[in-house]
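Visitor: Can you keep this structure in mind? I'll have questions shortly.
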Amino acid sequence: MASALACDGLTVRFGAFTALSAVSLSFPRAQIHAVCGQNGAGKTTFARACAGLLAPSEGSIRIGDALLRGGQVKDARAAGVELVHQSFALPPSFTIAEAMEFGLTGQRGAVFTRRGLQARWQPHLDALGVEAKPSTRIRDLPVETQQAVEIARALAGNARVLILDEPTAVLAPSAAAALFQRLTRLRDSGVTILIILHKIREVLAVADTVSVLRGGRLITGPDAVADLTAGRIAAAIIGHSPAKAGDAATETAEDIGALVGTDLPHGHRHTVSAPHAIATLAGITTKPAADGQSLQDISLTIGAGEILGIAGVEGNGQRPLVEVLAGLVPLTAGSVTLDGTAVTGLPLAARRNLGLRIIPFERNTEGLSLSSPLWENFAARGLLAKSALSLINPSALRRAAHAAFQSWDVRFTSVDNPARSLSGGNAQKVILAREMDDAAKLIILAQPTRGLDLGATAFVWQAMRDARDRGLGLILISSDLDELFDISDRLVVLQGGRVAGQFAPPYDLGRVGAAMVGDH
Amino acid sequence: MRARLLAVGWAMAFIALALILCGIIFQASGFSAPDMFASILDGAFLSDGALLHDLRWACPLFVSATGVIVAFRCGYFNVGTQGQFYLGGIGAAVAVAMLPHAPAVLVTLAAILAGMAFGALWAFWPGWLRIRSGTDEVITTLMGNFIAVLLLVWLTSGPLKDPAGSGQVTSSPPIPAAIRISTDTGVSGWIIALTVLVGVVTWILVNRTAFGVLGGLAGRNPVMVTWQGARLSRLGLGAFLFSGATAGLAGAMEVLGPDGRLVSGFSPGHGFTAVLIALVANLSVSGSVVVALFFGGLASASLYLPVIAGLPSAAIDMVNAAIALFITARSLPAWLRLPKRNRS
């Protein structure tokens, strides 16, 4: 039987960097094929090359019997290959029906009526079990429905191969289960599915075969999942040296499990010797922001020497929570206390002077100025504590940055180089070096390990635990439940801008997951 | 250091390209390009007294350019230098007119300070609008230029008009020699001292203060410095006021120096040349010293060409415009890469 999709010696280079190196694979039809690997292993590059979005530097891709011309999305789609993107690519202002029609090619010049479009697409949605009206706008849909619509859009043509790039990253656990059911039904109807996955647990739950990439090379695959164990997949993903962080090679077995998503950790009860509140939020309510997020009557206490995890489906108030603590959004009600001082009306600069530190959501825009030299990025926090016209000594600041980067194990060539010269993990270490200083009392970490490889992730976790053990208060906001379960001393679930539940170890996935989607 | 040399090299290459383009146009419109360039070179640098003329134009240009450097570095595209320059001249002339009996030195100092204050005021309102409500400062500062020109016309033909004046161009009465900071040559100890002072102060501000580093970071990524706790409004307003004050100082220097009175429509291309100097120098204070001397030379050549060589002075405008075109084309990719500015 001919394979649905096969590549032979597939190599993709970006300049001097080889993202994929001589990958040869063939995927049998009508199966679910998982592709796994760490961040930076080449998974997304592989998906994009197969969908025709990237031209191979060497090698070839075959769809069925036809050779795919590299870099030609139209050809790939005509051959029946559709990619469901990691971040959704449907226009938010379109209705579902418009988005579906828009996705079809080769209808230039046709005239549509709203009613006609809706009538045309309703049966398609019904057939795929998508419960939404075709007249609803994309932006008004919950994220899992958006994803279902995106999949329906991909299947609107004659898709025979569906590629999904980390579809579970944005979903609550129950929504992920529903997605897997949907994919299984599609497989049974004859569609071949390539799914990029991060967690071994999910691979075992849904896939028929698994292929593992590491450092752009194919390590193994496609291997039948039935013959594999979680441990063997984990070994293939991690390779021989899991602790790339060097000195921070103190991960427990549970850490490794959380890193590759084998067994969900349940967390440890961490006893705080002399707990006192380092920060309190009382009855916080905010106006809805541009993205529709707001907080409704949030009350929280963060103790010294604890890591408070914030769980929740993305977009349920995580960003306003950080902005409220930073003093960057006005409150309609409530008060904030930091280390015993009422800071409700105080600007961020004053809060930072009291020991607040923030590792913001967006490393490359909010955390660093990519085009500015590294030493300026590092010095910014210290300079803002001074008056604007105070004289500085740039060579002393350069030396300080150099010393700090060395003690944080940042791989850099010169502090005069722009921040964009660093990899994601090293860029995050620069931010950690700046924000986790001796005067810090409360550190907010928003998605601190997103996009980092295993070594860098383990490094960040170690830094958080060290800070906790020094008596600092930490707030960890993450969409990765494995991470939250592994290192949070306490867990709060945000849903619709409210606290939907507070949990202590041992954590129970069922209860936390239910709180995330609002089932009590 | 290597990066800086590379930047200078690129700027030279673009100027060379601009000159080649001008040469082609000169040749095509019936002039001899080599003669044209020889005359420009003569007028700018080689003829008797050319270097002095060069300095006369370069000093105020450099002073204005320092303000442009500070504003642009902080990410605010204040292109209202011309208007702020005029307001500075007006401020100086008003101060002189209002203090008819005070000691000369005090009047001079008051006039200089008034020029800086007026210039700063003309940068304050676009800065305020930008920071309070996100109004695009490129539009407001450009519009401010037109208002300033009309204000100057009104003052020189109305309240400040010289009753004895009979020329085609209206102006204020001549300022007494004791109050002026230079003769008509425009080069004096006062002017050199003021220019050097502004250069040193700006260099320290940009390279040796917290404001300089944070302003540079804010210019490249305002979101990042906001998350560090910076108040962009203060930083931005400071940059606007500084650039307005330096342009105002340049205006006062013209009026109290070589012009000796407030002339309607004086130095019409000053502000744009100052912006050009800052851009060619890649927003470096020390680099703009050299670049200002170069453009000062071109400015003096534009007076030399029609008188001595019998050639149209518009040739210099063309050289300026061609350089502007190529330098903007060089900076364009970098500007497009700038992160979106926070409009809160």
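Cβ coordinates come from backbone N, Cα and C, glycine included.
Curation does not apply to TrEMBL; its annotations are automatic.
Keep in mind it's a predicted model, so treat the numbers as computed, not measured.
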Visitor: Would you mind telling me which of B:3-27, B:303-327 TrEMBL tags as transmembrane segment?
Guide: B:303-327
Visitor: Under 8 Å between C-beta atoms and at least six residues away from its ends: which parts of the chain pack against the transmembrane segment (B:235-253)?
Guide: 59-61, 63-64, 66-68, 70-71, 73-76, 78, 80-82, 84-92, 111-112, 114-124, 126-128, 130-131, 137, 181, 191, 194, 198, 202, 205, 211, 214-215, 218, 225, 270-271, 274
Visitor: Taking a Cβ cut-off under 8 Å, which residues six or more beyond the ends of the transmembrane segment (B:190-214) line up next to it in the same chain?
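Guide: For the transmembrane segment (B:190-214), the far contacts come to 55, 59, 62-63, 66-67, 69-70, 73, 112, 181-182, 225, 230, 235, 238, 242, 246, 249, 253, 257, 285-286, 289.
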Visitor: Using a Cβ cut-off under 8 Å, which residues of the same chain at least 6 positions beyond either end of the transmembrane segment (B:303-327) come close to it?
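Guide: For the transmembrane segment (B:303-327), the sequence-distant neighbours (Cβ-Cβ under 8 Å, at least 6 residues beyond its ends) are 11, 14-15, 17-19, 21-22, 25-26, 31, 36, 39-40, 42-44, 47, 50, 53, 269, 272-273, 276, 279-280, 295.
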